[in-house]
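Taken from Swiss-Prot as is:
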- Cys313: active site (ACT_SITE)
- Cys139, Cys142, Cys161, Cys164: Zn(2+) 1 binding site (BINDING)
- Cys156, His158, Cys184, Cys189: Zn(2+) 2 binding site (BINDING)
- Cys228, Cys233, Cys250, Cys252: Zn(2+) 3 binding site (BINDING)
- Cys257, Cys260, His268, Cys273: Zn(2+) 4 binding site (BINDING)
- Cys300, Cys303, Cys318, Cys325: Zn(2+) 5 binding site (BINDING)
- Cys330, Cys333, His340, Cys350: Zn(2+) 6 binding site (BINDING)
- 1-42: compositional bias 'Acidic residues' (COMPBIAS)
- 1-51: region 'Disordered' (REGION)
- 135-354: region 'TRIAD supradomain' (REGION)
- 139-189: zinc finger (ZN_FING)
- 208-273: zinc finger (ZN_FING)
- 300-333: zinc finger (ZN_FING)
Amino acid sequence: MTDDEMYEDYDVDDDSAEESGNESLDDTEYDDAATQEFDFDENQPQRSLGKLTRQKSFEVLNKDDLFSESHKIIKEVKDVLSIPSEAAVSTLLRHMKWNKEKLIERYMENPEKLCIDAGVPNVMKLNATIVEKSGNVSCLICLEDYPPTQTFALICNHRYCLPCYKNYLEIKVSEGPECIYTPCPAPKCKVIVHQDAFKQIVSPEVFERFNNFILKSYVDDNPQVKWCPAPGCIYSIRCDRKERKEAVNCKCGFQYCFNCNDYEIGDHMPCPCSQVDKWLQKASDESENVTWMLANTKKCPECRSPIEKNGGCMHMTCRKNAGGCGFEFCWLCRGPWTEHGSTTGGYYNCNKYDKSKAKEDDDKAHDAKTELEAYMFYYHRYESHRNAMKIADEQRRNAHLKEQQILSKFDVRSADTKFLMEATEQLLKNRRVLQYSYVYGYYLDKKSQERNLFEYLQEDLEKHTNLLSTQYEQSLDKLEDYQAFIKWKEQVTNYTRITKKFLDNFVDGVAGGLVNTQIN
């Protein structure tokens, strides 16, 4: 495994931290410090991260790696249980969700039951023996007669011609991953068509697809290995920790949370997974519609239909053409409009209001409206950075086009355009963190002292990220000559470095001072 296929976490070396004295955090290189457990004391200055030690924590796997691993497990089980056929062991492992230890245990307890349940009634012999006869064999599908050598049967002895068997297996493979559990074509037969039978009967292309589905089952059934969720990515990642907090980096370039394993979510630092789940549920939950209704409508006192006020007058009518009952009432106290006049303060006022139960209802509505406004504040900013992140991702993918324009206009070296990719990658990282920082901020205790630090660091990161975005998006048409290009390049390069420091400061602030903050 190459260094590129390994991602590394970092732990703080306390001794080196003491030696570093007041060394600035800005000059410290680190990846995922945001989720390290730090003790926060508001009366003490935050310590430097000091020297960072590396720990290998996850591994990127390609198809060859998966094949080697799965084949190694098959061979180990084969040797332990003295089963002669790897195809039989493969079928047993798939039945046991690739749990080697559990398979061996169950096989030792009751091998006959396990094998029957797995569709391998005889691990010593998988296929029926061809008996040479003077006559032909009748295929049970097409009912045509064939020489025995042109037919095939599993140990269950349900014999079919090779063309029919081939067609049956290819259809199963075309239907998807469940083909690895394909049973014998005979009705109600539970014997599984093993790997060697597929290899013998179908084309090499179809057999390769079948093997790919076996590798897929190896990943899908393994809690420590997951496919990278990026569209079109062929890699998987193994993580040896059950609840990994840091993001993982796939060789395809996508960075994401291993636990969530969701392309749309990606890397949700600084939020914990549970917080993201809660936020996404809130965003899609119908209860939010109920909150809006409570905050912005009142129910007709007669038929209880929700009514939204669209004018200044307190005289409300529950419109029949909108499904109402026609009842006329006061918006403030919800009493009949016939009881309102000069004695109650006039038609545009109501001095009954404070004495009515409507006051209690309106207090609840006011609280709901306040909560809704707070949610919308954070949600709009979450969405804004989410959209900006998509733009940054597109800019990163199109950086080579801007590079070609620069090379052709200013006759510079290819190395002089490296800053473009660095800037877009930094923008992408910043936007992703800013997106989820508003989720984190929404659930942060409104009265906590740490909130001020959080919002201060968030504001700094947001401001300088926007400045870098503005610098990067400058039109090349405005760069009149080589000197103008060099000046622009220096500005973008410097701001890329600056925004990285602000991102690092934000990450360190969350890790060092906010991880123990009470979350509502």
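Numbers run from 1 along the shown chain.
For all residues, glycine too, the Cβ spot is worked out from N, Cα and C.
For Cys318 (Zn(2+) 5 binding site), the same-chain residues lying six or more positions away in sequence with a CB closer than 8 A to its CB are Cys300, Glu302, Cys303, Ser305, Ile307, Gly324, Cys325, Gly326, Phe327, Glu328, Phe329. Shown for the zinc finger (208-273): DSSP residue counts in helix, strand and coil, namely 14 helix, 13 strand, 39 coil.
Here the binding-site residues are Cys233, Cys257, and the one ringed by the most other CB atoms within 10 angstroms is Cys257. In this structure, Cys164 (Zn(2+) 1 binding site) is part of a helix by DSSP. Here Cys189 (Zn(2+) 2 binding site) is compared against the binding-site residues Cys252, Cys330, Cys333, and the shortest C-alpha distance is to Cys252. Excluding the listed site residues Cys156, His158, Cys184, Cys189, the same chain places Ala153, Leu154, Asn157, Pro183, Pro185, Ala186, Val191 with Cβ atoms within 8 Å of the centre of the Zn(2+) 2 site Cβ atoms.
Cα separation, Cys233 (Zn(2+) 3 binding site) to Cys257 (Zn(2+) 4 binding site), rounded: 16 Å. Cα of Cys228 (Zn(2+) 3 binding site) to Cα of Cys257 (Zn(2+) 4 binding site): a distance of 10 Å. In the structure shown, across all protein chains, Cys228 is the one of the binding-site residues Cys164, Cys228, Cys260 with the greatest number of other Cβ atoms within 10 Å. On the backbone, the CA of Cys330 (Zn(2+) 6 binding site) and the CA of His268 (Zn(2+) 4 binding site) stand 48 Å apart. For the recorded site, Cys330 (Zn(2+) 6 binding site), the DSSP three-state label reads strand. Put simply, Cys184 (Zn(2+) 2 binding site) is 13 Å from Cys161 (Zn(2+) 1 binding site) when counted between their Cα atoms.
Take the mean position of the Cβ atoms of Cys139, Cys142, Cys161, Cys164, the recorded Zn(2+) 1 site; other residues of that chain with a Cβ within 8 Å of it are Leu140, Ile141, Leu143, Glu144, Tyr146, Thr151, Tyr160, Leu162, Pro163, Tyr165. The residues near the Zn(2+) 3 site, meaning same-chain residues not in Cys228, Cys233, Cys250, Cys252 whose C-beta sits within 8 angstroms of the mean position of the site's C-beta atoms, are Val60, Pro229, Ala230, Ile234, Tyr235, Ile237, Lys251, Gly253, Phe254, in sequence order.
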